[in-house]
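**Q** What Swiss-Prot records for this protein is below:
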{"type": "BINDING", "residues": "13-19, 41-43, 306, 332-334, 414-416", "note": "GTP binding site"}
{"type": "BINDING", "residues": "14, 41", "note": "Mg(2+) binding site"}
{"type": "BINDING", "residues": "14, 15, 16, 17, 39, 40, 41, 42, 130, 144, 225, 240, 304", "note": "IMP binding site"}
{"type": "ACT_SITE", "residues": "14", "note": "active site, proton acceptor"}
{"type": "ACT_SITE", "residues": "42", "note": "active site, proton donor"}
{"type": "BINDING", "residues": "300, 301, 302, 303, 304, 305, 306", "note": "substrate binding site"}
């Protein structure tokens with residue numbers, strides 16, 4: 001507990017982080033995004049009104065919250081402009097409260113072209129990216145040919161960087177992937193225009209965070225995707241292109257390890273996954289379809305149906321361990337209402353042996369067969385319940401079992417999409 005809290009996904013993403021971030025941003029100094037791009041879709045429902053954010057921190061709907069985008073985030077100019085415009089049209093003040101690190105890399109048109117052409121060429125072996133250029137933008141960052149926010153304000157340098165990048169990427173696009181080249185002049189002009197647009201928002205995010213900590217202000221670090229999609233610790237190669245784990249909050253903003261006081265891991269009461277990759281507890285039957293329908297399990301960014309399955313404690317314990325999770329938030333408990341029985345994977349059968357540890361590669365995960373523990377379901381309606389004692393006995397027993405099996409206390413339970421459909425058992429900021 002303390003003044004700086006990291007909120008991150010403890011599964012494969014889509015756990016409901018946006019709502020929880022919004023809930024915790026009352027009396028907040030700042031909310032900061034530290035990795036990913038506009039492939040994240042954070043859905044907020046406040047008083048019945050739905051808002052989907054892809055790039056801007058979820059705290060933007062709090063009038064007094066400062067919203068920061070750190071150096072670890074890759075920024076699509078078009079996506080940022082669109083999101084700012086939509087929020088401002090809805091009466092939300094954005095540009096005076098949004099601060100963006102000059103070290104944040106840009107997603108350029110050639111990154112999008114590469115992403116989409118590669119996925120198409122891969123066919124059945126595609127990773128299942130959103131096709132929005134996230135991965136190629138991170139590739140350029142590591143290869144030191146990326147274009148960052150800071151570069152937009154030095155036209156001669158920008159021109160040189162862009163020509164070098166296009167010489168490389170257009171060769172790959174035309175000669176290897178067989179698609180059209182990206183035009184230099186159009187890309188250059190658009191980049192310059194975005195430089196003018198973003199200039200008032202360009203700020204030293206790390207410096208702001210250090211100052212806020214000195215002032216004793218609350219800061220919330222908002223993760224995107226989930227721990228099991230981490231480029232290093234996830235089901236590689238079926239992962240995202242950034243560090244979605246707690247280390248990403250440090251490297252992606254410029255703060256030290258002592259700046260983090262509490263790590264809140266978000267997990268659904270069951271499990272979902274989008275795109276390719278191993279998913280040991282996946283349900284390819286009417287039970288899985290029922291969960292998908294009741295939980296509206298379709299991507300906020302892409303609309304793709306999510307794969308659904310039982311809670312996987314082996315995977316959850318891995319997320320708890322690699323992130324040093326202080327407390328869990330279990331979301332979508334109400335989706336399980338009316339189910340006669342529930343299953344929880346407590347171990348895997350892997351190459352003839354039982355193990356409680358997940359393999360470190362996708363092929364190993366594919367070979368795992370879940371070992372289940374069965375729990376009674378409940379017929380009562382839990383939707384919108386905000387008091388622990390009012391939950392059905394079976395629901396409370398299920399949550400306590402998850403807590404014990406994961407070896408981590410449950411701090412928050414969500415029983416519906418609205419901000420108010422939540423019970424806080426332990427305030428991370430208390």
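From the backbone N, Cα and C atoms, a Cβ is placed for every residue, glycine too.
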**Q** Expressed to the nearest Å, what is the distance separating residue 19 (GTP binding site) and residue 39 (IMP binding site) at their Cα atoms?
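**A** Between the Cα atoms of residue 19 (GTP binding site) and residue 39 (IMP binding site), the distance comes to 17 Å.
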**Q** How many other Cβ atoms are found within 10 Å of the Cβ atom of residue 39 (IMP binding site), counting all protein chains shown?
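**A** Total other Cβ atoms inside 10 Å, all chains included: 28.
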**Q** Are any of 14, 225, 305 (the binding-site residues) within 10 Å of residue 43 (GTP binding site) when you go C-alpha to C-alpha, and if so which?
**A** 14
**Q** According to DSSP, does residue 39 (IMP binding site) fall in a helix, a strand, or coil?
**A** coil
**Q** What is the nearest of the binding-site residues 130, 225, 415 to residue 305 (substrate binding site), using the Cα of each?
**A** 130
**Q** Tell me which of the binding-site residues 19, 304 sits in the most Cβ-dense spot, judged by other Cβ atoms within 10 Å.
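**A** When each Cβ's neighbours within 10 Å are tallied, 19 leads.
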**Q** Return the residue, from the listed binding-site residues 303, 305, with the maximum count of other C-beta atoms within 10 angstroms of its C-beta.
**A** 305
**Q** Out of 13, 306, 333, which of these binding-site residues is nearest residue 225 (IMP binding site) by C-alpha distance?
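**A** Nearest in space to residue 225 (IMP binding site), counting only the binding-site residues, is 13.
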**Q** Looking only at DSSP and grouping its letters into three states, which state does residue 303 (substrate binding site) belong to?
**A** coil
